[in-house]
C-alpha cells in the first residue's frame with residue numbers, strides 16, 4: 001500500500017526532476033547546444049499534447065462510462081484541425097512569427113488595428129473561459145489524492161477521506177509556485193520557453209505511458225486478453241453504437257474550435273513554434289498521439305464498470321482499478337500520469353493567460369495612470385514580471401473558487417465542455433481576421449460580446465445548477481419572466497440537448513453579428529493596414545511601416561528599450577540596427593524601419609498594443625502616414641486599377657482587332673469584286689468582238705458567199721456592234737449612278753404617261769410581243785421626280801419580261817397604287833419566276849439568271865436598283881407571285897431642293 | 001466519213017461562225033448551247049474533236065473538261081477550249097485539267113482553223 005505521504009514525496013521528486021530537465025534545456029538553449037532536440041518536430045508534437053489534460057486522462061474514461069463512444073469527439077475535433085485545417089494553422093503560425101504575436105488576444109487586437117479594447121475583452125473572456133478548466137485540474141488532482149487516501153484508510157468510496165477543500169487549496173498553491181518558478185523567469189515570451197516546452201514533452205511521454213500501462217494491465221491482466229476484452233465490451237451497453245448526430249457534430253466542432261482558440265494551445269501551437277515545417281509532421285503525429293491516448297479508454301471503462309462496486313466515480317477508474325487489484329506501483333504511475341496532465345495544462349494555461357493579463361490589462365493601465373511615462377528612468381521589467389506573477393496567482397485563485405463554487409462534484413468532461421464553449425467564441429473573430437479583409441474592430445467586438453454573453457447565459461451559469469447562479473424560476477420561465485429567454489430553450493427552441501443548444505446559438509449569433517457589424521462599420525486606417533498584412537500574410541511578410549519620421553530621438557528610444565528589454569539586450573539590438581544602417585558607431589538613425597523593428601521587439605515582451613502605445617508616446621502618435629495608407633490602398637486600388645486598365649486595354653485591342661478583321665474582309669471582298677468585275681467586263685466585251693472579228697474575216701476572205709449569207713453576216717456584225725455600244729453605255733451609266741455623280745432633273749407628270757412612254761419604247765425594240773395588262777383607272781397618280789430615269793427603269797423591266805418570260809403567251813401585269821404618299825408599282829409576268837437561290841443576286845452587276853440565255857450583260861437590274869435608290873425608293877423581287885414580279889416603291893414627290901437644303905443645314 | 005466535232009458554245013453568233021468555218025473544211029459540226037448535257041452527248045457521240053466555251057449555262061467548261069478527262073475512254077480526245085475571259089489563271093486551270101489547246105476570244109479564223117488541224121493531225125498520228 002502506498003501511503004499519502006509517500007505519494008506526495010514521489011510527486012515532489014517528480015516535480016524536481018521536471019525542474020532539472022527544464023533547467024538543463026534552458027542552459028543548453030542559451031549555449032546553443034541540443035538544438036536537434038529542443039527544436040525538433042518531436043518535441044513540438046509532444047508539447048501539443050497539453051491538449052490532453054486531466055480531463056482526457058481521467059475524464060475520458062468517465063465520459064465513456066457515462067455516455068459511451070461520445071468521448072471520441074474530443075479527440076476527433078483536434079485531429080480534424082491538424083489534418084484538414086493545416087493551412088489555417090500554417091497561416092496562424094506565419095502571422096504569429098512575422099508579427100511577433102504573444103497570445104491569442106494579441107493576435108486579435110493586433111489584427112483589428114492594435115486595439116486595446118479588443119485585447120482586454122479577449123483576455124477577460126479567456127480568463128473566465130479557462131477558469132472552469134483550471135478548476136477541473138484541481139478537482140482531478142484532489143479526487144485522485146482522495147482515492148489513495150480512501151484506499152489507505154479503508155473508507156467507503158464516495159466518502160471524503162481527506163478534506164477536499166484543503167487539499168485543493170494546497171494543490172493550487174503548489175501549482176502557483178510551480179508556474180511562477182517555471183514561467184516567469186525570463187520576460188520575453190517570444191524568446192520561447194524552451195525549458196517549459198521540454199518539461200511538457202516529458203510529461204506528455206509520462207502520461208501516455210501511464211495510460212497505456214493501465215490499459216495493458218486491464219486488457220491482459222484483468223480481462224484476459226484482447227478477445228475477452230472485446231467480448232466484454234460487446235456485452236456492455238457501450239458496445240452498442242449509440243450516436244446522437246447533433247451532439248456529435250456540436251462537440252466535434254467545439255473541440256476543433258477550442259483546439260485553435262484555447263490560450264494554452266495557441267501558446268504551444270503558434271508562440272512556441274520554431275519552424276513552420278514542424279506543423280507538417282505534427283499534422284499526422286499528433287493525431288497518432290491522440291489515438292494512442294484513446295486506445296484503452298473503452299476497455300478501462302467497461303472493466304471498471306464490471307469489477308468496481310456500484311457508485312464508484314468512473315472518472316477515477318484509471319486509478320481505482322489498479323488499486324482495487326493491489327497494484328500500487330501501477331496506481332502510482334497512473335497517478336503520476338494524471339498529475340502530469342493536470343500540471344502541464346495549468347502551467348501553460350496560466351502562463352499564456354498571465355502574459356495576456358499583464359500585457360493587455362496591467363501594462364496599459366500602468367502606462368495610462370501611473371504618472372511615470374516610459375521615458376522615466378527605472379526598469380519596467382520588474383513591473384511586467386510582477387504583474388505576470390500576480391496574474392498567475394489570480395488565475396489559479398479563480399480556478400480554485402470555481403471549484404469550491406461548483407462543489408467539485410461535476411463530471412470532468414462536462415466542466416471541460418463549458419470551458420471549450422467559452423474560448424470557441426474567439427473563432428469567428430480569429431478566422432475572420434486572417435481571411436477576410438472586410439472584418440472590422442466593431443464587428444469583432446460585437447461578435448465576441450454577443451457570443452460570450454450567450455455562453456455565460458446558456459452554459460456557464462447553468463453549470464452551477466438551478467438555484468445557484470440562476471434562479472430556478474429563470475430556468476422555468478426565462479430571464480425577467482420572458483419565456484423565450486430560458487437558458488436552455490432560447491427563442492422557444494426546445495428539445496435540443498443543452499450543449500448543442502448553447503453551441504449552436506452562441507457560435508451562430510456570434511458569427512452573424514460579427515459579419516453584420518463588420519459590413520456596416522468602417523475600419524480605421526490602422527485596421528486596414530493590419531488587415532491587409534494579416535490576410536495577405538503569404539504575399540508579404542515584411543513588417544508594416546508604422547512610423548512616419550524621425551520625431552523620436554534615438555536616445556529616448558534607447559532608454560525605453562533598456563527598461564523593457566534589459567540593458568544588454570537593448571544595446572545589442574541597437575548595435576545590430578546601427579550595423580544594418582551601416583553606421584560603425586553610435587545610435588542608429590530613428591528611421592521608420594528602425595522604429596518599426598523596435599516596436600516589434602517590444603511587442604514580443606509586452607504585446608503589440610502596449611508596445612504601440614509606448615512607441616507612440618515618444619514618436620508622437622502619428623502612426624499611420626500617407627504612405628501607409630497608400631500602401632494599403634496600393635494593394636486593393638492598384639490591383640483594381642490594373643485589372644480595370646487591363647480590361648479596358650484588352651477590350652480596346654479586341655475592338656481594334658475586330659475592326660481590322662472587318663476592314664481586311666472588306667478589302668479582300670473588294671479585291672475579289674474588282675477581279676471578278678474586270679473578268680466579267682472582259683468576257684462581255686470579248687464575246688461580241690469574237691463574232692464581229694470572225695464574220696468580218698469570213699466576209700473578207702471567204703470565196704463564193706451568196707448574197708443572203710453576206711447580208712446575214714453583215715447584220716450579225718451590225719447587231720453585235722450595237723450590243724457592244726449598249727454595254728458600254730450601261731457601264732458608264734452604272735458607274736455614274738454608283739458614284740452619285742448623276743444629276744436628277746425634277747419633272748412632274750402622271751404615272752400613266754410614264755408607263756405609256758415605257759411600253760411604247762420597249763415594244764418598238766421587242767422581237768417578241770408581250771401582252772400588257774394595265775388598270776389605267778388607278779394610274780392617274782401625279783409624280784414629281786426624275787421622270788426620265790423612272791421611265792428607264794420601267795423600260796428595263798418590261799424588256800426583261802419580253803426577253804425572259806418563258807410562257808407560251810407572255811403577259812405582263814402592271815398594277816399601281818398610292819399609299820401614304822408612296823407610289824407602288826408592281827410588274828408581274830406569267831413566266832416561271834426566278835429560283836429562290838438566285839433572287840438575292842439578280843440586282844448585282846453581271847448577274848444573269850442561269851438557264852435563261854439571252855445576250856444581256858446582266859447590268860439592267862443593277863442600273864434599276866441604282867436609279868430607284870437615287871429616287872429614294874426601293875425595288876425588290878416579289879417572292880410570292882406565280883411569275884417573275886418586281887415591286888417599286890418610291891415617294892410621290894422627290895424633292896431635290898429639299899435634300900440640298902437639308903445638307904446645308906447639316907453642314908452648318 | 002467526215003470528221004465530227006462537238007461544239008459547246010452558248011453564243012449563237014459565235015457558234016454560227018465556227019460552224020460555217022469548219023463546215024467548209026469538211027467537218028460535221030454538232031452544236032450544244034448548254035453545259036449540263038455536254039458530257040453525256042460527247043460520251044455518246046465520241047467525236048474527233050471537242051470545242052468548249054468556259055462560261056456556259058448549266059455547267060462550266062472547266063467542269064466538263066474534268067469530267068471528260070476522268071473518263072479513261074476519252075483521255076486522248078482532243079479538246080480545244082475557247083474563252084472570253086482572258087486571264088492567265090484560267091489558262092492554268094485548263095492546262096491542269098488536261099486541255100489540249102487553249103484559245104482566247106476573239107481569235108482569228110485562220111488561227112482557230114490551224115489549231116483544229118494541229119489537234120486532229122496529231123490525234124491521227126497517235127492513232
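Backbone N, Cα and C define each Cβ position, glycine as well.
Feature annotation (TrEMBL): of A:409-435, A:463-489, A:490-516, the stretch labelled transmembrane segment is A:409-435. Of the given residue ranges A:95-112, A:149-166, A:167-184, TrEMBL assigns the label transmembrane segment to A:167-184.
TrEMBL assigns the feature transmembrane segment to residues A:246-266, out of the candidate ranges A:246-266, A:519-539. Contact between the transmembrane segment (A:442-461) and the transmembrane segment (A:246-266) does not hold: fewer than three of their C-beta pairs are under 8 Å, each pair 6 or more apart in sequence.
Contacts between the transmembrane segment (A:42-65) and the transmembrane segment (A:117-136): present, as 3 or more C-beta pairs lie under 8 angstroms, all at sequence separation of six or more. In this chain, the transmembrane segment (A:196-226) lies close to the transmembrane segment (A:6-30): three or more C-beta pairs between them fall below 8 angstroms, excluding pairs fewer than 6 positions apart. Only sequence-distant pairs (6 or more apart) were considered; of these, fewer than three Cβ pairs between the transmembrane segment (A:328-353) and the transmembrane segment (A:409-435) are under 8 A, so the stretches are not in contact. Segment contact is absent for the transmembrane segment (A:71-89) and the transmembrane segment (A:167-184), given fewer than three CB pairs below 8 angstroms at sequence separation of 6 or more. Recorded stretches compared: A:6-30, A:246-266, A:286-308; the one with the most Cβ pairs under 8 Å to the transmembrane segment (A:409-435) is A:246-266. Sequence-distant contacts of the transmembrane segment (A:6-30) (same chain, at least 6 residues past either end, Cβ-Cβ under 8 Å): 38, 145, 148, 178, 181-182, 194-199, 202-203, 332, 335-336, 339-340, 343.
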